[in-house]
Amino acid sequence: MTMAGNFSPLVLVGDSDRVEAEAVGAYLDNWAGKDGLRLATADAIKAILAGATRLAGRIARGSLPGDPGKLVGVNSDQDQQKCIDVGSHNLFVELLIAAGAASILSEEADLPVAGKADGLIAVAIDPLDGSGNVGLGAPLGTIFSIFPADTAEPFLQPGNRQIAAGYVSFGNSVDLGFSVGEGVIFATFDPASGIFHITRRNVTLPERTSDLAFNASVQRHLSAGMQAYVNDAFLGKDGPRGRNFNMRWLGAAVGDMHRIMQRGGLFFYVNDSRPGYEKGRLRLVYEANPIAFLAREAGGKATDGSRSILDIVPQTYHERSALVFGVAEEVDILGEYFAK
């Protein structure tokens, strides 16, 4: 039996040979109409999706053409940069400039990259979230935020000025979650057609959750209030919370975001006593902000433990922040412990 030749996917009972769900591009065109700012936003999202399809293809090939996890440098925060980090950055910057963005802020560059002088939007992006998972089969993602480019420093605006935000999750399928301020939409990439098709609209988080996502290995470094939150949850139905909790931790914010948006849950990565973690670890502008925008659009919340993420005015491009997001009720409960 030969394994060479054209790839033909398994067809399951009940599968259709046609995908009739609306394409994301068509949705964006209808949403944008003739409005200039909306058209610029739609073009930027389309550019990101074009880049995501190319990135997905490279991820799928693993180490066959070369080692994507090869270390090639460090960024401004001394985080190690892999070959695929730099390649992803270059890809998205090139496509976003071609799409007319005024400027692009990437995790992999110290300063924003200038684009079209009269562009209407500014795009903040983490080209490849979770690159430590490269080669392990664990989740990877791209996450982005779009702001109006109507100030001298568009990336130092509070998150509540975002026009749109979204992420692409590279897992056993390539999935998109995004919002243009009219609810959260899910879509999946169809490799047969090269198109993202909408699979769910008006995604809504549940009212209650018993799923927690956090790095349990750092519990001893958390504040007394946060340690009490974890301990009370782990006591389950015999403790003050009165019900059992499950733990989920994927090691990539986009992966945890995608799971929580589908199943509910609460994620936290807050400040702790370790050197370098005093203000949290995730980036406010291009990680916490888009997550907070999507959480709000799905009926959830996102805070730094006490303040709404969307109300925080960044002071620097790569500012770090504590982040708590997910089901609104649980975010509020954690906030009570956080304040202790």
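Note: Cβ is positioned from N, Cα and C throughout, glycine not excepted.
Per Swiss-Prot, the Mg(2+) 2 site holds Asp126, Asp129; the candidate it also names there, chosen from Glu278, Glu287, Glu297, Glu319, is Glu287. For the Mg(2+) 1 site, Swiss-Prot gives Asp126, Leu128; the one candidate out of Glu107, Glu153 that the record lists there too is Glu107.
Comparing Leu128 (Mg(2+) 1 binding site) with Asn215 (substrate binding site), their Cα atoms are 20 Å apart once rounded. Asp126 (Mg(2+) 1 binding site) falls within a strand when secondary structure is assigned with DSSP.
In three-state terms derived from DSSP, Asn215 (substrate binding site) belongs to neither a helical nor a strand segment and is classed as coil. Sequence-distant neighbours of Asp126 (Mg(2+) 1 binding site): residues of the same chain at least 6 apart with a C-beta under 8 Å from its C-beta are Ser106, Glu107, Thr142, Ile143, Phe144, Arg283, Tyr286, Glu287.
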